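**Student:** Residues annotated as UDP-alpha-D-glucose binding site in Swiss-Prot: 10, 16, 95, 104, 120, 122, 158, 159, 185, 188, 189, 250, 253. The UDP binding site annotation in Swiss-Prot covers 10, 16, 95, 120, 122, 247, 250, 253, and the record cites similarity to another entry as its basis. Feature annotation from Swiss-Prot assigns site 'Important for catalytic activity' to 104; the stated evidence is similarity to another entry. Summarising the annotation, Swiss-Prot assigns Mn(2+) binding site to 120, 122, 247 and lists similarity to another entry as the type of evidence. What Swiss-Prot lists as O-linked glycosylation site is 230, 598, and the listing cites similarity to another entry. Annotation comment: Swiss-Prot describes 283-320, 335-354, 371-516 as region 'Disordered'. Swiss-Prot lists 283-302, 377-386 with the feature compositional bias 'Basic and acidic residues'. Sequence annotations record features per position, and here Swiss-Prot assigns compositional bias 'Polar residues' to 400-419, 462-485, 492-503.
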């Protein structure tokens, strides 16, 4: 063993001052426990500007009481140029404060010691077994460095724990190497590996003749935590009794604000806090400053002036003035670390629904129409679909011919109960015009129906005459009074909108021609009953007319004046008048659904949240 041995650490930022306090306290405790208090010195390397301009007198006194030797050093020559050159690689680590760690090359200038064990200020020796490194590296040379493999890349060593031999020549060559080359990681660990580690030589010829050597030591002398998934839990549990030293790597240290609030603490984190509490108690520090609040934020500039403790009362004005300045800096650091309060005034405004979209939504999905319908209408409609019972005679009493004063598809639309009184009055005033148009067009319409019925009579299944008679008798409607043109005529939901038929002759029955589109849908009506109720009903009406045979027409002729045969015979007399009346094209029931109850049947198929925007 060498005569002059030292355990050294480095302080290049005031943010690491709590770590320097805890490390020095723990090392002294373990040296005393091992009985080597006088054999191994403790040394602190600190930059001159930090010690003289930043630290308070109390901090200086505490450091001098912990470490037997404090060495003030200056930054490396051309350090600013080196930092600028290594900035790109250093950005990969997202640790800008490590740019000042290049001063670690000054360790080889400690020629007053024969061998040095270097420990980062964020390390914590757990027991005195870590002192065995001096025995393991007792034959170390100046060209060797003893270190532990880095968990992120095991072919490289971690520079947080190193055994080295101070040497002036090695220090000079190393510092020149730092100036001339770019560090792998932009910091001290990369450049020291490039200088001492043969694994970093990409040239095989140079690697074989490499003059320096990395001596790999056991991982138990530098267990880095947290390892963020790299750590093997079984191995950690197995080698736990053999661990000599813990290294708190990463941005968040045990003394940082983030770690104190958010970090998932483990037993080693708790051990560091216990050591710091012992340090505080031994030096009788105020409880209010026992846990310095150091910012976790990355710094791109020189570290600010911060002290972790308040000075005791003193009569020296210069000391009090310095302490006040440092306290102000601590308050600023607290404000920087405070979480910002969310401002409700700047909360993002809700995205309003465009007006066009609102109109589109209310046009296609009219829920008021569905809610205003009587309940019995929907029940009766469902019953009709189930039993397929449609009364042709009663439907004819409620159908109106197309004319220029009516809207398309009004013959098959359910009139809303909320119609304005003005519309009723206007409809009554147009009755005379409507009656004339209907009388003139009856003969042509019934001729079309008769032709369609005769062509399809052979392929259609005729219904039972008895059942038809009963259905007709049960559903026959009564002639409404002139004062109520809007009154419901039958139970099949088919009404005449705003047109009174009280002036029609008893022997004339209006009827509407059949459109080709209805015949097309009738062929494929299976499965469409629920979605196309109006079309289905109109087809059923026309088909029922096709089912009548000659005997059925004769039987119904004597029972009522509103039968289909009587209407046909009466309308055929008006052929001459009908030729003078222009034929109006029937609406396309495939698309003219706005005035029908089509939406009231299909709207329930859409869930409430089908649209992306919510209409307020």
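Backbone N, Cα and C atoms are what each Cβ position is placed from, and that goes for glycine too.
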**Student:** In three-state terms from DSSP, label residue 189 (UDP-alpha-D-glucose binding site) for me.
**Tutor:** helix
**Student:** Could you state the whole-number distance in Å separating the C-alpha atoms of residue 158 (UDP-alpha-D-glucose binding site) and residue 247 (UDP binding site)?
**Tutor:** 10
**Student:** Out of 16, 104, 122, give those recorded positions positioned within 10 angstroms of residue 253 (UDP-alpha-D-glucose binding site), comparing C-alpha atoms, in sequence order.
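**Tutor:** Cα filter at 10 Å returns 16, 122.
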**Student:** Which are the residues of the chain, 120, 122, 247 excluded, whose CB is within 8 A of where the CB atoms of the Mn(2+) site average out, their centroid?
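**Tutor:** Result: 19, 119, 121, 123, 160, 161, 224, 248, 249.
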**Student:** Rounded to the nearest angstrom, how far is the Cα of residue 247 (UDP binding site) from the Cα of residue 185 (UDP-alpha-D-glucose binding site)?
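**Tutor:** Rounded to a whole number, the Cα-Cα distance is 19 Å.
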**Student:** Compile a sequence-ordered list of residues in the same chain as residue 247 (UDP binding site), six or more apart from it, whose Cβ lies below 8 A from its Cβ; state 'none' when nothing qualifies.
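**Tutor:** Residue 247 (UDP binding site) has long-range Cβ partners 120, 122, 123, 158, 160, 161, 222, 223, 224, 225.
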**Student:** So, in DSSP terms, is residue 16 (UDP binding site) helix, strand, or coil?
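**Tutor:** Note: residue 16 (UDP binding site) is helical by DSSP.
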**Student:** List only the single closest residue to residue 189 (UDP-alpha-D-glucose binding site), chosen from the recorded positions 16, 104, 250 by CA-CA distance.
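**Tutor:** Ranked by Cα distance from residue 189 (UDP-alpha-D-glucose binding site), first place goes to 104.
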**Student:** Go through the binding-site residues 10, 16, 250 and tell me which ones have a CA within 10 A of the CA of residue 104 (site 'Important for catalytic activity').
**Tutor:** 10
**Student:** Using DSSP reduced to three states, classify residue 247 (UDP binding site) as helix, strand or coil.
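**Tutor:** Reduced to three states, the DSSP call for residue 247 (UDP binding site) is strand.
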**Student:** Within the chain of residue 250 (UDP binding site), which residues six or more apart in sequence place their C-beta under 8 angstroms from its C-beta?
**Tutor:** 226
**Student:** Give the helix, strand or coil assignment DSSP yields for residue 104 (site 'Important for catalytic activity').
**Tutor:** helix
**Student:** Measuring Cα to Cα, how many angstrom lie between residue 16 (UDP binding site) and residue 10 (UDP-alpha-D-glucose binding site)?
**Tutor:** 9
**Student:** Measure the Cβ-based neighbour count of residue 189 (UDP-alpha-D-glucose binding site), defined as the other Cβ atoms within 10 Å of its Cβ.
**Tutor:** 23
